[in-house]
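> Sharing a structure here in structure tokens format.
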Amino acid sequence: MGSSAGEIMGRLMKGEIEDEELKKLIRHQWDRRIEWGYKPTHEKQLAFNLDFIKGLKEMVMSGEIDTMNKETYELPTAFLEAVFGKTVKQSCCYFKDENSTIDEAEEAAHELYCERAQIKDGQTVLDIGCGQGGLVLYIAEKYKNCHVTGLTNSKAQANYIEQQAEKLELTNVDVIFADVTKFDTDKTYDRILVVETIEHMKNIQLFMKKLSTWMTEDSLLFVDHISHKTFNHNFEALDEDDWYSGFIFPKGCVTILSSSTLLYFQDDVSALDHWVVNGMHMARSVEAWRKKLDETIEAAREILEPGLGSKEAVNQVITHIRTFCIGGYEQFSYNNGEEWMITQILFKKK
């Protein structure tokens, strides 16, 4: 679109790109990704997807999670509370209608997970990659006889969940601070939930095998992930003109699977049900986060500056988050939410 990747990044970090121009620049990158991902025949599309899946099976279990934690997840809790909804859900929310607020959409998403994962009172539940614990706390409050365990590799997240559970006087919550790829246990769980976490895995076959060892014959595994309806891709730069992908996520951190790719990983589990959620739900989520950030921008700066040390560092973080939200809207609203979307699959142990 005329400017080099370096020029665009230079202008972006100086605050010289208005939102409307930024939307066009990002949309151009998604146009290019679509052109790259779709093949001229179904035979070539299938071969392309199978090559990608074969490549995943030859990799280590996960991507560069530590790098991503530092850059994306270890922001002050007060900042996260200012930007996200009441449960600090940093994944797709579910908007039941045009008037749904972000708080209502967070709750509706948790409700949908419980319905599709067939959560019932009295079960043991493990939430892998549990974030700030919104789903853990939702289940623990709603199903008083469930014992809910959250697993996170962020100490800040683990501390936050423990504090919230204490505040809510919940005695049926545990938090495990661990990297899931290195963690192991002899325990089994009635339900295992993996919400927008499998994107950080590479060798999904190894990951699913590990999860299956924590399941009994009656256990169910519910996986929710960002997807494209047709093709797989790493969230990495296509070429030197792609300034956007590497700015949003460090290389090697995020893989976006197609909506059917997990069906190729049934060595240790078997799919029972399969759903997709239109991408506009994610588009509306990131748009709500951006609006909340813009509305509380001065307070957000004050929260961030002590930890980051300078106004320049604060500006960089805010630019990154706003670009993530604007880019996410362009991605998930593409073709009215019928390109990138959320896929959900329910598995049982084989």
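Note: Cβ is positioned from N, Cα and C throughout, glycine not excepted.
Straight from Swiss-Prot, here's the annotation block:
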| type | residues | note |
| --- | --- | --- |
| ACT_SITE | CYS325 | active site |
| BINDING | SER91, GLY129, ASN153, GLN157, ASP179, VAL180, VAL195 | S-adenosyl-L-methionine binding site |
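Help me picture where these features are in the structure shown.
Close to CYS325 (active site) in the fold, though at least 6 residues off in sequence, lie VAL286, GLU287, TRP289, ARG290, LEU293, each with a CB less than 8 Å from its CB.
GLY129 (S-adenosyl-L-methionine binding site) falls outside any helix or strand according to DSSP and counts as coil. Taking the Cβ of GLY129 (S-adenosyl-L-methionine binding site) as centre and 10 Å as the limit, one finds 22 other Cβ atoms among all the protein chains shown.
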> Among SER91, GLY129, ASN153, GLN157, ASP179, VAL180, VAL195, recorded S-adenosyl-L-methionine binders, what is the largest CA to CA distance in Å?
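Max span of the S-adenosyl-L-methionine binding residues, Cα based, is 19 Å.
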> Quiz question: given the binding-site residues SER91, ASN153, GLN157, which has the greatest number of C-beta atoms lying within 10 angstroms of its own C-beta?
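Output for this query is GLN157.
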> Taking ASP179, VAL180, VAL195 as the binding-site residues to compare, which has the smallest set of other Cβ atoms within 10 Å?
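Selected from the binding-site residues ASP179, VAL180, VAL195 on minimum Cβ neighbours within 10 Å: ASP179.
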> Does DSSP put VAL195 (S-adenosyl-L-methionine binding site) in a helix, in a strand, or in coil?
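DSSP call for VAL195 (S-adenosyl-L-methionine binding site): strand.
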